[in-house]
Amino acid sequence: MDWGALQTILGGVNKHSTSIGKIWLTVLFIFRIMILVVAAERVWGDEQDDFICNTLQPGCKNVCYDHFFPISHIRLWALQLIFVSTPALLVAMHVAYRRHEKKRQFRKGDQKCEYKDIEEIRKQRFRIEGSLWWTYTSSIFFRLIFEAVFMYAFYFMYDGFRMPRLMKCNAWPCPNTVDCFVSRPTEKTVFTIFMIAVSSVCIILNVAELCYLLTKFFLRRSKKAGNPKHHPNHENKEETKQNEMNELISDSCQNAVIGFSS
Amino acid sequence: MSWAFLRDLLSGVNKYSTRIGRIWVAVVFIFRLLVYVVAAENIWKYEHDEFECNIKQPGCENVCFDHFFPVSHIRLWALQLIMVSTPSLLVVFHVAYRENREQQHNQKLYKSPGEIDGGLLCTYLISLILKTGFEVVFLILFYKLYNGFKVPRLVKCDMRPCPNTVDCYLSKPTEKMIFLYFLVATSCLCIVLNLSELSYLICKYSMKCYLKRYIKKRQ
């Protein structure tokens, strides 16, 4: 059980996302989860061992470390990634529910059901409309909220995004104000800024996706009011091709991350 | 053998669960198992090495650590995850037994082996009660062993061979406390989900029974 398992779960959502959603998933997998696993975890790996205070007083280092790092950057990022990925599950559950209903209709021999066999239902991609639109839009909204909350928590806890080289500590049992030195501060600052930048990109993508969905919704409503029905088959063929390409990309990413994380 | 086994087990259970059961599986996977593996395990990794007492007396640190942490938080957490996931095996075994029976008799004995009715309903209800029971037991155990869910920065130890009362300092107490509260919150959420699933199933099948009897009476 590791990030690969989360990726498997989210990979299923990819098929039912918009194009911007697919880009967001790719950014999440490659620039956040993969970077966290292959690079960031190593940078923060020795953080308490190499946190050195200029005192021999036992316990001073522990107390100062706890005072300046109530929760480590790396754990905060891991929690952020988990919370930000979870709303996509709402969409996955909704799609699974719709599929289940269609399979039930098919088994009952409902005349309305237009599928030839159950495999077709399994492979079908649902369009983002009706109740699925609401679920999808809520999931983007929650994603945005979680991203913003975690970024604020980061900023609030660490007084900005810079990692200082030296911290002055006078928590008991340190006898006086003691100098404590953080390990690899520059490398940590670089990674912190990188992760914040990628979070911001993800926020922008989510906002863009939200605007796109809202625009599409209002356009569709105005079209329904006047125009005749359009043909879904032609649109589905192009979307199926794009889906296949994106699945190929996400499969190769999945293999890369599983390889790295194991 | 690793957590992947538990993940596969729970994926199998998902097929025969109700909707609330599937939400429970998702919460256990993502907010408990995944958080445990990617975050919590690393916090407690060097807890013994980083446990420091204000004394040079050999053996004092070991004895004090053992006194204050008879079982480490992280091991209790792992045990809790395993015990809480295992009752779902009862359901899987029962479904496998049903499928086996159908194969042996070479005829359709059940509407669908995975349908929650009759004996499978009892098994499912028992598994829910056991899951809830284990959750509550482990929460009480955590509370009793560590006097609440707080992790202190400093503990005072006067066990032999420490010559006097000695100050001992824990590493990362705040971070450990945050994750312990997270564990408690997710446990409580799982208890709520189990209890709602229990009441939903009991109500649904009581209504079914009542309606059947009512229709029979009218006939």
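Glycine too: its Cβ is placed from the backbone N, Cα and C atoms.
Bear in mind that the values here come from a model prediction, so they are computed numbers and not experimental data.
Feature list (source: TrEMBL):
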- A:23-40: transmembrane segment (TRANSMEM)
- A:42-75: domain 'Connexin N-terminal' (DOMAIN)
- A:77-97: transmembrane segment (TRANSMEM)
- A:132-158: transmembrane segment (TRANSMEM)
- A:146-213: domain 'Connexin cysteine-rich' (DOMAIN)
- A:191-214: transmembrane segment (TRANSMEM)
* Asked: Which stretch, A:23-40, A:77-97, A:132-158, tops the Cβ pairs under 8 Å count with the transmembrane segment (A:191-214)?
  -> A:132-158
* Asked: Counting each residue once, how many in the domain 'Connexin N-terminal' (A:42-75) are helix, strand and coil under DSSP?
  -> 14 helix, 2 strand, 18 coil
* To do: Determine the mean pLDDT over the domain 'Connexin cysteine-rich' (A:146-213), rounding to the nearest whole number.
  => 91
* Structure fact -> The DSSP breakdown of the domain 'Connexin cysteine-rich' (A:146-213) into helix, strand and coil residues is 42 helix, 8 strand, 18 coil
